[in-house]
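To start, the structure itself, in structure tokens.
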Amino acid sequence: MQSSTQKQAGSLTIVGSGIESISQITLQSLSHIEAASKVFYCVVDPATEAYLLAKNKNCVDLYQYYDNGKPRMDTYIQMAEVMLREVRNGLDIVGVFYGHPGVFVNPSQRAIAIAKSEGYQARMLPGISAEDCLFADLGIDPCNPGCVSYEASDFLIRERPVNVSSHFILWQVGCIGVADFTFVKFNNSKFGVLLDRLEHEYGADHTVVHYIAAVLPYENPVIDKLTISQLRDTEVAKRVSGISTFYIPPKELKDPSMDIMRRLELLAADQVPDKQWHFYPTNQWAPSAPNVVPYGPIEQAAIVQLGSHTIPEQFQPIATSKAMTDILTKLALDPKMLTEYKADRRAFAQSALELTVNERDALEMGTFWALRCAMKKMPSSFMDEVDANNLPVVAVVGVAVGAVAVTVVVSLNDLTDSVN
């Protein structure tokens, strides 16, 4: 066994092909597939398989290690090992697994861990999972009101807790208690055990959305709104397959803690949240979703302000050269160029004569802030507060609507802007 501190020839990169055929392979993943010495893949549709073969002629199908009645764990160990053998031979190996390569995938995690322990460079790149597709197709946001996700058999075996006030996602509901593999439909004879647990937690009439993400680009996803009791019907249960996922909406809403909100200074001592206000859109799958209009008083007040909107003084518009854009694009999509840059950032940056001095300095420094300052037009007021590298301290805020943004809505009487 080689020491984990040694630098070995050979590397392993694990990528995901997404769920929908071809289209969900990221640019980052594709660049590694094309540059690999050899590609090992486990994908579910032949179009993606053919696409991989077109991008790299040296491909091996890992699906050959499955067999009827064969324990899936044996298959996973073998999948990992055939990739590792080639890494040990000094090759740059890419493993492609459908969906997100680290979500409900054992051989990818095993291979990465072993490769790292033996001193090889190993990395996993993110991909699009069935859960990502579910969020998009069902129109739910895991942050509101939170989300719990379990593998169905593990949920039963370890008696995992349920939070009935959050989203609940169950994976692999079509193979309850199944440890081996079959090339045909799984025998889901223990499905009733799952329904018993769900009925105990939610009641027989609670909604369950049976979901299967679309694989082909011209398909629609399977979205069946059912109840737990309806799933006990034999014909309905037959629709559930090895690629099915269940989404169970919240049974109840949870009120915010006034004490915590005041400790976080989100509310003044004399303020209380307006419990009649709900963020739009509400959860269409919930059994008792409130009727919320898209343009209530709060929304109308915000929209009125658009009429007087001006760009803030501290807004930072893009202001970069084509040369800088081209170099950063290549660093993102060309693994070999990225390796060259990481080996000697100074030499790489100084050789890029088409860049401005500021752009070369930022590329040499290599930090997010340095690049942002070189590629954005920074207001002079930002220079009032700088870091050790004489770069402005800038807060970058995304568009995520978190619990704070959703919860901290006070009474309409406290709004300073009104709708005429």
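Placement of Cβ uses the backbone N, Cα and C atoms for every residue, glycine included.
Here is what Swiss-Prot says about this protein:
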type	residues	note
REGION	1-251	region 'Methyltransferase domain'
ACT_SITE	R72	active site
ACT_SITE	Y76	active site
BINDING	Y98, H100, V103, A130, Q172, A213, S244, T245	S-adenosyl-L-methionine binding site
ACT_SITE	Y98	active site
REGION	252-378	region 'Clasp domain'
REGION	379-392	region 'Precursor leader'
MOD_RES	V394	N-methylvaline
MOD_RES	V396	N-methylvaline
MOD_RES	G398	N-methylglycine
MOD_RES	V399	N-methylvaline
MOD_RES	A400	N-methylalanine
MOD_RES	G402	N-methylglycine
MOD_RES	V404	N-methylvaline
MOD_RES	V406	N-methylvaline
MOD_RES	V408	N-methylvaline
MOD_RES	V410	N-methylvaline
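Taking a C-beta cut-off of under 8 Å and a sequence gap of six or more, A130 (S-adenosyl-L-methionine binding site) has these contacts in its own chain: I19, G99, W171, Y211, A213, I243, T245.
Following the DSSP three-state reduction, the secondary structure of T245 (S-adenosyl-L-methionine binding site) is strand. Largest CA to CA distance in the S-adenosyl-L-methionine binding set (Y98, H100, V103, A130, Q172, A213, S244, T245): 16 Å, whole number.
Within the set of binding-site residues Y98, V103, Q172, S244, the entry lying nearest in space to R72 (active site) is Q172 (CA atoms). Neighbour count (other Cβ atoms within 10 Å of the Cβ, all protein chains): 20 for Q172 (S-adenosyl-L-methionine binding site). Summary for the recorded positions R72, H100: the Cβ-based neighbour count within 10 Å is maximal at H100. Packing around V103 (S-adenosyl-L-methionine binding site) is summarised by its Cβ count: 19 other Cβ atoms lie within 10 angstroms of its Cβ, all protein chains included. Y98 (S-adenosyl-L-methionine binding site) sits 14 Å from Y76 (active site), taking the CA atoms of both as reference points. Straight-line distance linking the Cα atoms of S244 (S-adenosyl-L-methionine binding site) and Y76 (active site), rounded to a whole number, equals 21 Å. Taken together, the residues of the region 'Methyltransferase domain' (1-251) have an average pLDDT of 93.
Spatially close to Y76 (active site) yet at least six residues away along the chain are N106, P107, R110, judged by Cβ distances under 8 angstroms. Residue density at T245 (S-adenosyl-L-methionine binding site): 24 other Cβ atoms are found within 10 A of its Cβ, drawing on all protein chains shown. Secondary structure at A213 (S-adenosyl-L-methionine binding site), as computed by DSSP, is coil. DSSP states for the region 'Clasp domain' (252-378), grouped as helix (H, G, I), strand (E, B) and coil, give 63 helix, 3 strand, 61 coil.
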